[in-house]
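K.L.:
Among the features that TrEMBL reports, transmembrane segment is placed at 12-32, 38-62, 74-93, 128-145, 151-170, 222-244, 278-296. The feature domain 'Sugar phosphate transporter' is assigned by TrEMBL to 21-294.
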Amino acid sequence: MGEGERFQLGTIGALTLSVVSSVSIVICNKALMSSLHFIFATTLTSWHLLVTFCSLHVALKMRFFEHKPFEQKVVMGFGILNGISIGLLNLSLGFNSVGFYQMTKLAIIPCTVMLETLFLGKKFSRRIQFALGILLLGVGIATVTDLQLNTLGSILSLLAVITTCVAQIMTNTIQKKFKVSSTQLLYQSCPYQAGTLLICGPFLDNFLTNLNVFAFKYTTQVTFFIVLSCLISISVNFSTFLVIGKTSPVTYQVLGHLKTCLVLAFGYILLQDPFSSRNILGILIAMIGMFLYSYYCTLENQQKAVEAAAQASQAREAESDPLINVENGTTVATDTVGQKSQAWSKDKD
């Protein structure tokens, strides 16, 4: 099996793990919050990250992966930024209607595209932009019901979108720049993410719910679902870093909207949640957008692979025959002095 095929299988595995674990944790948390009334989302997330770090530490001691330290300031800033983005998203939900919160999540994709284009020089073809537009339209139809605006909620939503986009872009760029795996990055950043949320989580939840997380009555059933949620979160956190590292922040957001559609469908099938024709129409349009995005991404990746192979082949041919200078698609033989001069100039460039 070639390296390209192994990479594709790894990417498919990461995407599958992300979808399965995310849908599972949403269903688990829905039972925990809706049925058992444990509504302390930020504190629960901090426990998720703490359990993830502990599990990774055990895996490190068992030598499942290698610890690879790199710039501590980068790790600390990245971890704290991730924690802040989670807190801001929860605040955005607390101060806005559900419909406006869904619009906030939809805004993450165009914001990510804009930031990557402006600051990283990444180009998105018109086909990709068209597919993303269809996807966002479908998810918007399926999930956005009411749009009640207020100044504070809008500011919090804007900050949540910006911090989330930057954090996800950093997840991708840090892995490539420092040549660390998703597991290594998650292991080193988890303490800072967990610490940020452990400190501010109880205060944030108290502010949003007027309830104290430490005064909550922890029955056996509540404790079971909390433990189950924390265990599932290990896969969620790991697959998040894995998907962004193997693909891109935009692809991860597209995958996130697929999860949203699946959660709506599972909610209707398993929990008998209300489901309208508008939901069905939105999900179908979103699925078309996801299919087009996947198809266009595959086409463009194949084109890049062919171009890279052609360039590598030309480079090998040039190295194998130093007496031939290839320029503008024509082969020109020059005298010995000219050959040496051109070869030296080419190497220098």
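Placement of Cβ uses the backbone N, Cα and C atoms for every residue, glycine included.
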K.L.:
For the transmembrane segment (222-244), what are the same-chain contacts with Cβ under 8 Å, counting residues 6+ beyond its ends?
P.N.:
14-15, 17-18, 20-22, 24-25, 28-29, 31-32, 36, 38, 44, 47-49, 51-52, 55, 168, 171-172, 175, 182-183, 185-186, 190, 216, 251-252, 255
K.L.:
For the transmembrane segment (278-296) against the transmembrane segment (128-145), do we get 3 or more Cβ-Cβ pairs below 8 Å once near-sequence pairs (under 6 apart) are dropped?
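P.N.:
Output yes: the transmembrane segment (278-296) sits against the transmembrane segment (128-145).
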K.L.:
What stretch, picked from 12-32, 128-145, 151-170, has the most CB pairs under 8 A with the transmembrane segment (74-93)?
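P.N.:
So the stretch in question is 151-170.
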K.L.:
Would you report the average pLDDT that the model assigns to the domain 'Sugar phosphate transporter' (21-294)?
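P.N.:
Value for the domain 'Sugar phosphate transporter' (21-294), mean pLDDT as a whole number: 91.
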